[in-house]
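What follows is a set of notes on a single structure, which appears directly below.
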Amino acid sequence: MYTLAARCARRGVRQAHTVLLMRHGESVWNLANKFTGWHDVALSEKGHEEAIEGGKLVAAEGLKFDIAYTSVLKRAIRTLDHALEETDHMWIPVVKAWQLNERHYGMLQGLDKKETVAKHGSDQVQIWRRSYDVPPPPLDESSEYYPGNDVRYQYLDKKCLPFTESLELTAARVVPYWQQVIVPELKAGKNIIIAAHGNSLRALVQYLDAIPNDVIAELNIPTATPLLYHLDDDMNPIPFEEAIAPLTGKYLGDLDAIRARIEGVKKQTG
Ligand SMILES: O=C(O)[C@@H](CO)OP(=O)(O)O
């Protein structure tokens, strides 16, 4: 004989849907202060440590996951590996999707951020870096950074491959991937962990939290800092009190240290 409480629990007085977002740890090009985009660079030593620390924070929260998503770039893949290892989830399926890649930085890829400011001015670089709809100058097909020259994209229709991307163009692949691939898994009751990138995650949280275009320009996402969302059955975030606005999801860890990390990302250009 079930108690009333137990019957209710079984009949779907359900918990919120859980999604844990995590930007990769510091990469060797973050360390060198270069625009990276789709270029596939490794984590720095500090980046590995950050990802392990981030994973420990997720473990301490006692979160359970059923499926993981990441990009096709090793800094995010390795970050996810660390998080899965620290939380004892190495066994769950991992989906690697180009749609979760970092925003393609066009002609800026490989350039030093401060040298780019010295050459083009901080206002122009801020527009390329954080405006919603102005992409950096495009590269061309002869560039070593053109995805059409990269074997991992060989089976993709060339018209899917960017020469550069704004946040708007990044969202045009991230958000449909969220809606079409990830949301059905959430609706099936699965808990999700996603390891991705500063700008692909900015595109996703802008969508989840309905952040206006001028406000998202001010939003920076720190490396390897777990960001927890609870969603209702309509996939709307259930705000956490501890959230740092305009986000409604909450970062795990020491909030002062997290704010300092956010400032660090902002200051990369000066
Ligand atoms: O270089 C990049 O690809 C991104 C993330 O590292 O940089 P930014 O924060 O300047 O958009």
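In case you wondered, yes, glycine gets a Cβ from its N, Cα and C as well.
The Cβ of His24 (active site, tele-phosphohistidine intermediate) has 31 neighbouring Cβ atoms from other residues within 10 Å, across all protein chains displayed. Under the heading active site, tele-phosphohistidine intermediate, TrEMBL lists His24.
Sequence annotations record features per position, and here TrEMBL assigns active site, proton donor/acceptor to Glu102. The 10 Å shell around the Cβ of Glu102 (active site, proton donor/acceptor) contains 27 further Cβ atoms across the protein chains shown. Reduced to three states, the DSSP call for Glu102 (active site, proton donor/acceptor) is coil.
Feature annotation from TrEMBL assigns substrate binding site to 23-30, 36-37, Arg75, 102-105, Lys113, 129-130, 198-199.
Taken from TrEMBL, the feature site 'Transition state stabilizer' covers His197. Proximity of His197 (site 'Transition state stabilizer') to non-local residues of its own chain (separation of 6 or more, Cβ distance below 8 Å) is seen for Arg23, His24, Ser71, Leu73, Arg75, Ala76, Leu100, Asn101, Glu102, Arg103, given in sequence order.
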Within the set Arg23, His24, Glu26, Glu102, Gly198, which recorded positions show a CB-to-ligand 1 distance under 6 A?
Glu102, Gly198
10 Å Cβ neighbour count around Glu26 (substrate binding site)?
23
Count the other Cβ atoms sitting within 10 Å of the Cβ of Gly198 (substrate binding site), across every protein chain shown.
18
